[in-house]
Amino acid sequence: MDSSGSESPPIEAKKGSKSKAPKKPKESILKQKSPAEFFAENKNIAGFDNPGKSLYTTVRELVENSLDSVEAISELPVIEVTIEEIGKSKFNSMIGLVERERVDEALYDDFENAKAREKRLAKEARDQETQAKNIAAGKKVKEPAQKAMKGRGEASFFRVTCKDNGKGMPHDDIPNMFGRVLSGTKYGLKQTRGKFGLGAKMALIWSKMSTGLPIEISSSMRGQSYTTFCRLDIDIHRNIPHVHLHEKRDEERWHGAKIQVVIEGNWTTYRSKILHYMRQMAVITPYAQFLFKFVSDVADKNVTIRFARRTDVMPPVPVETKHHPSAVDLLLIKRLITETSKPNLLQFLQNEFVNIGKPFAERLIGEMGPDFSPKTAVKSLTSQQIVRIHQLFRQAKFDDPSGNCLSPAGEYNLRLGIIKELHPDLVATYSGSPQVFEGHPFIVEAGVSLGGKDVKQGLNIFRFANRIPLLFEQGADVVTRTAQKRINWNNYKINQTQDKIGVFVSIVSTKIPFKGTGKEYIGDDISEIASAVKASIQQCCIQLKSKIVKKIQAREQQERKRNLTRYIPDVTGAIYDVLRQTAQAHSSKKKRYDEEDAEILKQVSARLITKQTLHDKLAKHVEQVDYEMAMDYATQSGVSEEPREAIYIQSVENTHNFIDLCSPVCVFRIFQ
């Protein structure tokens, strides 16, 4: 800085250089995105993170849609799922693409140059040398895995098909049901399997992004003389269906839907997840019959699994309910006012919310202030008045909503599902009473099993939300944290690390408080749900403890009997020797005995009482003592704990009228 205040001379521009004018920033342009475009760009929100997860989510969405469709008409579900692997050449022929030979090999991602080849061969030589040394030392040697060279462009494609015996879809509604995001029949306040209401629409978006192929739907409803066939894709930018073919066909009479979509996927990495999902779905819906197939050109990769139906007792269909006043916000109140058909405030409060009767509605209106009256036109309420209603809803005390609108799996079905799929040694189930969080009712059902097939040691946790399995982000879930940290398994005679423990928890509600963008787990921050989960698991553990203690007592009783039986020969020999010596002393008149004892000694001398006789008498006495102890044990335990036998009753025809009386261990069916 010049202290004299004179300006510094300007810097001369270099010869030949051109002065560049600063670029003007581009004017921002207001743009809009359709719902389909938003989910296409943020597909991970809906579970389409990568090709493997997308294959899993597609199967899950189609299966859950099928279950909802079948249960809506109270029919026993029969669902077939097929995943067909499509090779590159077959896929190219499907889209009419002619394969070309590579011209410039170095252009491709999987090209191996001389340096990379030299490095690979050197590594293989070192591995072979190490393997030879291990063989010479007598160590076990694993065969080196052959890694296939696969470039980024080598995608795997699959045709996913799901067929059900549900209610089907109306002919005219099919294009919008599949080709318009955020349109469907599941919106409303009720227990639903879906997380976002996307269903097969997201599978169609993924298909359009990865293969460009349309989705194919065949559907027929009861009473229809035709089958609807529709081939369509979606205009992502406009969020409207693009119909290729939509027609009625004369085919065999049936009802249900068949959906077929071709997508990019990864069966290798998500095979276990898909099969685990199908197995858990069979646990929570033992009244359904599932057939799963994976079809490949390689015969060794083919998979066919049938999950048989175990019962024909279905849970009730969930019903839509009204909003609880404590669970609404300003936006929802305004929407209800817009949609209501009731003219005045009194009728609006009575008919649009649960647990508000006429007397209570009048008390609420009186508390709102002089600007409100029962006959106030609800459509004329100002924004300030709506805010006043909302504030009162948050402060007033309302009765809790009932759980009548919910449809839990049922303790009987949960028990059957666990037994059918895991074959445990012991199982206990419990169904809690309806409880409430933030104005939403919920029910927690739990099951705990010990032993079984394909069950590893330690805790094996199975989580369900609105009767769908949750397979991801298990560590942060309320069920996992409760089972691992809040249950003292030793108090119930269960070894947490050594025993094979299955923990099953199913939560149903009109609003599942999922956490994370993918909605894959239920948070641990809602105390009402955490307490209900802990109480349900503890109730199962209490049941198991009584069974475990009785098994321990029975084992100890068997051990006592075994020990007594082991000593019978030695005791028999000792007693008989004493009796024989005493009988000799008695016959020589060295010592006299009473008449009763003398009679026994005479029988010993006459060999009417032998060592074998004493052996038989002692063995009979041990059996008698064992029988008396068993009778005493049964008397104390009660007749309900007597040994049970599995009884299987054939399914009845639907033409009969009957009433089911359900209990945790059986269902009595009364025919009318």
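For all residues, glycine too, the Cβ spot is worked out from N, Cα and C.
Among the features that TrEMBL reports, ATP binding site is placed at ASN65, ASP164, THR185, LYS186, GLY194, LYS195, PHE196, GLY197, LEU198, GLY199, ALA200, LYS201, LYS519. Sequence-distant contacts (6 or more apart, same chain, Cβ under 8 Å) of ASN65 (ATP binding site) comprise CYS162, GLY199, ALA200, ILE259.
Annotation source TrEMBL lists domain 'DNA topoisomerase VI subunit B transducer' at 401-560.
Here TrEMBL flags 1-34 as region 'Disordered'.
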Model confidence over the domain 'DNA topoisomerase VI subunit B transducer' (401-560), averaged pLDDT:
89
Other than its own, how many Cβ atoms are within 10 Å of the Cβ belonging to LEU198 (ATP binding site)?
23
Number of Cβ atoms other than its own within 10 Å, given for LYS519 (ATP binding site)
19
